[in-house]
Amino acid sequence: MGKVNKYIVEKINNGEKLHFTLIDPDRVNDLGKLEETAIKMAEFGTDAFLIGGSLGVTPEEAGETAKILKKTGLPVIIFPGNINCLTPYADAVLFMILMNSMEQYYLMHAQIAAAPIIKKYKLETLPTGYIVIYGETAVAHVGRTYPIPVSKPEILLSYTWAAEMIGIKYIYLEAGSGSPKPVPPSFPAIVKKYTNLITIVGGGIRSPFIAKELASSGADIIVTGTIVEEDPDKASKIISAIKKN
């Protein structure tokens, strides 16, 4: 078990709910401000940083972002929209399959292209099934995904069972960056009830109430990004709500 995976698993086994801060390098205009935000988020209690974005991220931007985030001492994990997000300055990468994509590229070709780079960079891999729930977001458009019917959590469960059967350890339920609505609580609930997957939930989480509800329903890790960019102090209330769960 790698260092980052061990860090996450031990926290979850100790009964903790985790918070990951998502940083999109394409939206970083001031590296000094990014460092201030990162320090704030670490002080607020975030457990790790994710680096990623659906569009426009260069390896250079990802690298500069990772170097700043690592100053906090927290794990820095690549959340790749594509192989352009890979950087040797991170600690680990969510090695993802976009499970409900119609594109072969996101089902296996991207992983094949990324594998030798990840080996070269000596990044720890966290095998992750990535499922985009809604259809009206940038990630759904880029990834050409089939939306998951909100009223049919059993369809999601079939995806997660398939993920578990092929050896995936993490499942990431994505509403989409800036989504007007979060993942429904019934989704992490059914994953937690019927699988042993570590469940990550992100997108549309803009209030402490929603974050707490998702964590109570079964999410092990809550991811926020847009709210961190807009109002880091509000993000602190989300972290507190998760940690008090």
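Just so it is clear, glycine is given a Cβ too, placed from its N, Cα and C backbone atoms.
Remember, predicted model here, so these are calculated numbers, not experimental data.
The Mg(2+) binding site annotation in Swiss-Prot covers Asp24, Ser54. Following the DSSP three-state reduction, the secondary structure of Asp24 (Mg(2+) binding site) is coil.
If you look up Swiss-Prot, you'll see Tyr172, Leu173, Glu174, Ala175, Gly176, Ser177, Gly178, Gly203, Gly204, Gly225, Thr226 marked as sn-glycerol 1-phosphate binding site, on the strength of sequence analysis. For Thr226 (sn-glycerol 1-phosphate binding site), applying a Cβ distance below 8 Å and a minimum sequence separation of six or more within one chain yields Ser177, Gly178, Arg206.
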For Tyr172 (sn-glycerol 1-phosphate binding site): DSSP state (helix, strand, coil): strand
Inter-residue Cα distance where the pair is Asp24 (Mg(2+) binding site) and Glu174 (sn-glycerol 1-phosphate binding site), in Å: 15
